[in-house]
Amino acid sequence: MSYLMLDLLSLDVSEAEAEMLRHPQVGGLILFSRNFSSREQLISLVQQIRQIRPEILIAVDHEGGRVQRFREGFTLIPAMGDILPAAKGDMLLAKRWACELGFLMAIELLACDIDLSFAPVLDLNGISQVIGKRSFSAKPDEVIALAQSFIEGMAEAGMGAVGKHFPGHGSVAADSHIAQAIDEREAEAIFNQDILPFKELIAKGKLSGIMPAHVIYPKVDPNPAGFSSYWLQQILRQELGFDGVIFSDDLGMKGASFAGDYLGRAQAALDAGCDMILVCNDNPGVMSLLNGFVWPDDAPQHPTSLLKPNVAQTAIALENSARWENAKQLAEQIQLAQQAKV
């Protein structure tokens, strides 16, 4: 029955937040930098959350580069766009590195009982500054190859992958966190370029989840992708055959204001085909949904339990300290190589 993912204000769970976590429609929790002061504190916080809701899906944006919420006590994962340049264009080497970095990112989170990182970014590196080096490359074939390797590393640690931001945010200058992003390109450009990483990785069964973009593609559909049944049901579900979990991007972002207040945004996202909606950085917004929204009677067709870790695989990975240590050294090597260029 759980359709909502929310967040916390600080380093522990308040009584009011504990009450929200107990609500039957809350099935997920996303953590941010403000919820982290040290690895030990994070583990304690996760234990506190699990005592309240043992099966809740705990997620974080931990892609690497500038989008890594936990730093002290964690390895600094390089930006995905630095991998191929650091390998001097050697794709075989870059794929090997991407796999090890995916493993490292995932195992460090799983060791703290965090289920999921919303990763990898499958956007192409175009004109979008909010994407930039979060993307593996400007070329679809390179994104596909490197993302697949990164996802395979995540899977070897026991973590599923969530590709974002469908069908592609890389060719939009506006930041959908603070503005309504509009991609004026023709459908042909999107389908021949941006959508290819999603298409290929879905076909290969590599994606357990997808997060759509709060971007309008007016030459294709008048609604932002995350509120569009055309994009989510006709294209993603029917044409591409995706059978995993669709997460909305944060309904608090400016790019979501298209659909009105939180009640309107939640309804539009669920009607379009999202299985779980995210509301971040807005406790009153969460409360308005918990108290005033008419939730569906049926459970999500694609429950977030599909994204719970492979416990047996994680147990094996946690024992592989040599791989973990080697991956840390690799991450540091790539970081140093990029710093030397600056």
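Each residue, glycine too, has its Cβ placed from N, Cα and C.
Note that the coordinates shown come from a computational prediction; the quantities given were computed from them, not determined experimentally.
Per Swiss-Prot, substrate is bound by D61, R134, K164, H165; the candidate from R53, R69 named for the same site is R69. A C-beta separation below 8 Å, combined with a sequence spacing of at least six in one chain, links R134 (substrate binding site) to E63, G65, R66, V67, A79, M80, G81, V121, D123. Fewest other C-beta atoms within 10 angstroms, among the binding-site residues R69, K164, H165, are seen around R69. Candidates D61, R69, K164, H165 (binding-site residues) were compared with D249 (active site, nucleophile); those inside 10 Å Cα-Cα are K164, H165.
Counting other CB atoms no more than 10 Å from each candidate's CB, the recorded positions D61, D249 peak at D249.
Farthest C-alpha pair in the substrate-binding residues D61, R69, R134, K164, H165: 19 Å apart. The secondary structure of D61 (substrate binding site), as reduced to three states from DSSP, is coil rather than helix or strand.
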